[in-house]
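Worksheet: one structure, shown below.
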Amino acid sequence: MELFDNLALGFSIALTPYTLMLALIGCFVGTIIGALPGLGPSNGVALLIPISFSMGFDAISALVLLTSVYYGAMYGGRISSILLNIPGDEPAMMTTLDGYPMAKQGKAGDALVISGVASFVGALLATIGLMLMAPWLARVAFKFGPAEYFALYMLAFCTLGGVGSNNQAKSAMAACMGLGIAMIGLDQTTNMPRFTFGNMHLFDGIDFLVAIVGLFAVAEVFHFIETHGKNSAIGVKLGKVRIPWALLNQTKGAMLRGSGIGFVAGILPGAGASLGSFLAYMGEKAVAKDKETFGKGNPRGVAAPEAGNNAAAGGALIPMLTLGVPGSGTTAVLLALLLTLNITPGPLLFTERPDVVWSLIAALLIANFMLLILNVPMVKVFVKILMVPSYILLPGVTMIAFVGIYSLTGSSFDMLLMVAFGVLGYICRKIDIPTVPIILGILLGNAMEDNLRRAMILSDGDWLYLLSSPIAIGLWIAAVLGFIAPIFLRQFLKKPPLPTMDGD
Amino acid sequence: MRGDRIFGLVMLVLALGYVLSATTIRSSFMSDPVGPRVFPYMVGGVTMLCALMMMLRPDPDVEWPLGKTLLNLTVALAALIAYALMIKPLGFILPTIIVSGILSYQISPRPQIAALTGVGLGIGLFVLFKFILGLGLKGLPPALMG
């Protein structure tokens, strides 16, 4: 069995004490990042990429460390959702719906254990799914030529714009902003400068890490300064944490269904963990007999979205690793990590660097068990950390963002650019322009243009070549549908409102 | 309404400038059928289309910060810009103490606690980055250290 050989290879690398230690540190830091309101998987990982790069980790170590952070943040997001009614990150939003009411009824411990186990089930099943599906998809991806890749990038932007935002024009504009920024620097084919305006700093282009840290982390600072005080949270007391076996047994169906829905949502480009948890919650509510108890502290309303968001996190790794096309903000950040480490994701990764792929998968499997231990028996440790006041946390996060970029590039220009991206991110957030397409555009812009130009070289300038294969046509149709269909579906998929803070 | 219209207008002008600037990109002898200008034209074109959409069909307006909040945001922005410029000539510790103190004060306006936070973060983060994580940071002004 090829699969077991590959897994054996992966575990032989991942089971060294050093790698295990990195995975444990990653899980621990990730859970903290997820739990702290305002810091989620995407900005958390974004903050840590420049720092881990400056520390000189090799590719596998850095990848294990930061994907553990990614998985950990997905687990940790639920802690503040349940205790503070503030989602620690966006995918954990659905967990507040039933998690916070449960906590108010004095069942905070139960909610934390159920959601922790649900996270484990979702993430474990998705990692197994990743293990089975990724090599298969990598083989399909070998059939992709430049025309198919161009169509695939279009699909990623269209579905991200269609599914992930409220206004198609705004998300398309965000994608164009990113693509336009990616053009800055030397043109790869002709080596001619573009949009550099004679500024030497711009000849290498704009570093995507500068843009990511600016748009995610620095923008958060401005947003926080504007909104602080308006939603001050009153935490819920956490009593003794016991394992509620009866409730776990009662919610196991919800966990499995949530995992399945989340995994599929994660694989789709542009969907990601937020949609995964949303659909898992709505799906669970639709099949439940006691619909009216959802939103009032139904344990299945905690289990389903948590399983969904963690399964989606695992599923989202599939298109990212096999095709190099991320499906969500966080996987876009992980793509940035791979590119920083000089690893080009895609089908060749599976044949040329199987050690990277399989040690990553093995590390994820191990990380899941570590996270289960960290997040169920040791959850109280993280609840303590959650009490760090924001007047220390926020300046600290800002300084970490600066140190990361400074130690990476050593230039004041890049730090100023990062602040500028922070302002852009703040304005975009104000007027509801999604920032993830901007980042995706910066990351994929050059590859997208390159594939277009190579397609045109192959066809000698015939634009119809872009529609010359069944795979390409299928991808274009999916792209158009993904962009247009949500306009009609939006009225059916209204997000339920968050539970209110007052009222008792 | 206004926010979307203004942003749309700004993006329209920027996209126009982008396309105009793209016309000056020089091709080289190693040319391909598409060349280095077509993709920027496409990006600029779609941006203009989206900008027009934003101006013609704006979303309902959001609440923009005014008065004290706006002042707070401006101060934070100025502090961050100053930090980006100061960290190289003054080293890590001193600018970090000042800027994290300012940010801390903005969130919770208590001078002593803000000052303590600044000092704690300045020294604590330096120790973390320099000695635990091993990054090549300069703590004090390089000019003083020779």
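Even glycines carry a Cβ here, placed using N, Cα and C.
Taken from TrEMBL, the feature domain 'DUF112' applies to A:20-440. Feature annotation from TrEMBL assigns transmembrane segment to A:46-71, A:111-134, A:146-163, A:206-225, A:261-281, A:323-344, A:356-376, A:388-409, A:415-444, A:464-489.
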Does the transmembrane segment (A:146-163) reach the transmembrane segment (A:356-376), going by 3 or more CB pairs under 8 Å (6 or more apart in sequence)?
no
Tertiary contacts of the transmembrane segment (A:388-409), defined by C-beta under 8 angstroms and 6+ residue spacing from its ends, are 36, 38-39, 47-51, 53-54, 207, 209-210, 213, 217-218, 220-221, 224-225, 228, 415, 418
Tertiary contacts of the transmembrane segment (A:464-489), as residues 6+ beyond its ends and Cβ separation under 8 Å:
143-145, 147-148, 150-152, 154-155, 157-159, 161-163, 168, 270, 452, 455-456, 458
Mean pLDDT for the domain 'DUF112' (A:20-440), rounded to an integer?
85
